[in-house]
Amino acid sequence: MIRDDTIIRNRKTSTWSRGSFDCIYSFLANVLRIALFPVSLSYLFYIKSNLQTKNNMEKKPISSGEDSPDTPPELPVVLSTYIKPQGRKPHDPDVMFEEYHYYALRTREEERTSEAPKLDWREIVLRKKSPNGPGNEGTPEMHLTEGNFANRENRLEISDEEWTNASRAFRTASWGACFYLITTDILGPYGIGFSMGTLGWGPGIAFYTVFGFMAGYSGYLIWRVFLGVDSYEFPARNYGDLGFRTWGTPARYITNVCQALGLLLILGQVTIQFGENISQVSKFQLCYVVCPVLFVCVGFFLTQIRTLKAYGWLANLAVWLNLLVIFITMGVMAHSPPNYQISTLGSAGSAVDPDSIKPDKNGNYPPIIHYNGLPPNGLVGSINGLLSGVLAYTGAQLFVEFLAEMKRPRDFIKAMWGAQFFIYTIYLIYGCYVYHFQGQYSFNPSYQGVSIYGWQTAGNMISLLAALIAAGLYGNIGIKVLYNNILLDIFNAPPLTTRRGKILYACIVPVWWIVAFIIAAAIPDYFGFVSVISASMLLNLTYTMPPLFALGFDIQRNSIRPELGEGFDPATGYVERKDTPLRRLVRGFFSGGIFQVAINIWHLIYFLASLSMCGLGMYAAVKGMIVAFEIPELNSFSCVSPLNLNA
């Protein structure tokens, strides 16, 4: 019998068929082993645990999926130990990639023949699904109660049809509704003028163009991986599921922790925004530490609402409030000077060249200046401005939640690219406008850089309402990520739908907000805090993880050799794998043709470049924070407002 490694070696020779390339292949393989060593550790752990379990399973026929039109011909039934999808744990490490991918292909084929939901304006404006609208046509009725899904023993009694219908019932959203959700999630233009001031005209426009495209490309990668691992039998519900199904359990834990911390830090950022708003409106007469306390108290009650549909009209209102602030600030900036007094805290000049915003002996401030290229001697400030721009495009960490509720997830790509282009247009127009009229005095957030107190107050209060709505959304989603992926799995907490789960959720809310308050009070330097968030979490969630997940997806998909008997057998539920995990990793990387290998190399470079940017960004953010805390007026847990330099 021919050995497996001989078969693989012969295939490599025939595939590349150039004897002179053998040395090149060996060299690249060794380089890849070194480059992918950290990632392969989690992959090896994942494969080892799966192989140990699968080797103890008996081959047997199953009847799962017999109600689906794409089910292969049924084989004779014998005694079986195969566990159907409804009998699995929520994140079962015994389920291998081949099984996820098999059911995903079958689900995509069924969705291809289904009618796309039509655009419903009630769903777009109010985020409410019409009970009799087209979006629900063909959606099976649910006859199962909450108790049927509460534990694995009850789920074993659910038929295959009931299980898949339960998954279909959650998928009713159209791509038009998804366009609205993405726009609400990402849109936040108040730091664009600041970023333009730290980068200059040319680099600033190029940066927002390139990062806008790369954010869209990351969304495309998330969409592509989701289509390859999500199914009615094994639905992917959150971002961590993509990491789990491509690289294993460690990747899922890392992703979930980063997502939860990212949402917590964003909540802290919104808390800082509120504190500065109310402090400026009160003309610094209110003790600054009270401002985030008031915000936290409101958040206690707002975040007790567990269902997102209750936020429907509020989220829609937040979009229009943000647009109103944009129009107000654009009109006022064109007819009034910048807010010179607070320019030392959070303006572009304070980040790249403090002398450009320093008044002379007579109290006259320097004139507005612009940079065509990068400002001289302002590398750290430019990086901070760049990270502020990175924050403006982040939001990909919630894309999986949007995809999970779409009736036809393949239509997500239209909504995503449309929303990205809309957001890019607003950012570029508004950012260039603010930088043109305020130059190095461009402040972050921009509405606080308005010098007329009345309009400044209007911008503060309107944005305050939008900030409260955003805080409720971020708090709601962040707590659910923490609960469903950490407390539920690691500490065996009760399901969130049960009475005990609801009580535990209510108890977590104040703890979550108190932590956000501590962060807000400890770091009053707004744009420095934004840099910390962007570099530590949001940059990785939007730019680092999508290429990593796409690389893992392509490696596992291309490492399967059906001609050698590898793959998932739906008749027995058995996954056949040969060779060692490391050899499969290398084989999958160099399989699929020259174009696929080039894509794999590009994703590896993209992943490493994003990690490098994370390290560089953290360095710049920490350096900027050290400088900010050297100013005596910036004291943590103090009554002195960080915007009041005359105190």
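Just so it is clear, glycine is given a Cβ too, placed from its N, Cα and C backbone atoms.
A TrEMBL annotation is a machine prediction, not a hand-curated record.
The feature domain 'Amino acid transporter transmembrane' is assigned by TrEMBL to 172-331 (among others).
Under the heading domain 'Amino acid transporter transmembrane', TrEMBL lists 391-551 (among others).
What TrEMBL lists as transmembrane segment is 24-47 (among others).
Among the features that TrEMBL reports, transmembrane segment is placed at 177-199 (among others).
Look at TrEMBL and you will find 205-227 (among others) tagged as transmembrane segment.
Counting residues 6+ beyond its ends, the transmembrane segment (253-272) has Cβ neighbours under 8 Å at 238-240, 242-244, 292, 295-296, 397, 467, 470-471, 474-475, 477-478, 481-482, 485-486, 512-513, 515-517, 519-520, 523-524, 526, 529-530, 532-533, 536-538, 540-541, 545 in the same chain. Summarising the annotation, TrEMBL assigns transmembrane segment to 253-272 (among others).
The annotation transmembrane segment is assigned in TrEMBL to 284-302 (among others).
According to TrEMBL, the feature transmembrane segment maps to 314-334 (among others).
A Cβ distance under 8 Å defines the sequence-distant neighbours of the transmembrane segment (383-404), meaning residues of its chain 6+ beyond its ends; these are 170-171, 173, 178, 181-182, 185-186, 188-189, 191-192, 194-199, 207-208, 211-212, 215, 218-219, 222-223, 226, 230, 235-239, 241-242, 259, 262-263, 348, 351-352, 412, 416, 423, 427, 444, 477, 527-528, 530-531, 533-535, 538-539, 541-543, 546, 616-617, 619-621, 624. Annotated transmembrane segment per TrEMBL: 383-404 (among others), in sequence order.
For 416-438 (among others), the entry in TrEMBL reads transmembrane segment. Residues of the same chain lying 6 or more positions beyond the ends of the transmembrane segment (416-438) and with a Cβ under 8 Å from any Cβ of it are 178-179, 182-183, 186-187, 189, 192-193, 195-197, 201, 204-205, 208-209, 212, 215-216, 219-220, 223, 326, 329-330, 333-334, 338, 348, 368, 370, 392-393, 399, 446, 449.
What TrEMBL lists as transmembrane segment is 458-483 (among others).
As annotated by TrEMBL, transmembrane segment applies to 503-523 (among others).
Per TrEMBL, transmembrane segment is recorded for 529-551 (among others). Counting only same-chain residues 6+ beyond the ends of the transmembrane segment (529-551), those with a CB under 8 A from a CB of the stretch are 39, 191, 214-215, 217-219, 221-222, 224-225, 239, 242-243, 246-247, 251, 255, 258-259, 261-262, 265-266, 268-269, 272, 383-384, 387-388, 390-391, 393-397, 444, 519, 523, 600, 603-604, 606-607, 610-611, 613-614, 617-618, 620-622, 624-625.
What TrEMBL lists as transmembrane segment is 585-609 (among others).
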Cβ under 8 Å to the transmembrane segment (284-302), counting only same-chain residues 6 or more beyond its ends: which ones? 271-272, 274-278, 468, 471-472, 475, 509-510, 513-514, 516-517, 520-521, 524, 637-644, 647
Six or more residues out from either end of the transmembrane segment (458-483), which same-chain residues have a Cβ under 8 Å from its Cβ atoms? 190, 238, 256, 259-260, 263-264, 266-267, 270-271, 273-274, 277-278, 280-281, 295, 298-299, 302-303, 305-306, 308, 311, 314-315, 317-318, 321-322, 324-325, 328-329, 398, 401, 445, 447-448, 450, 493, 496, 501, 504-505, 508-509, 512-513, 516
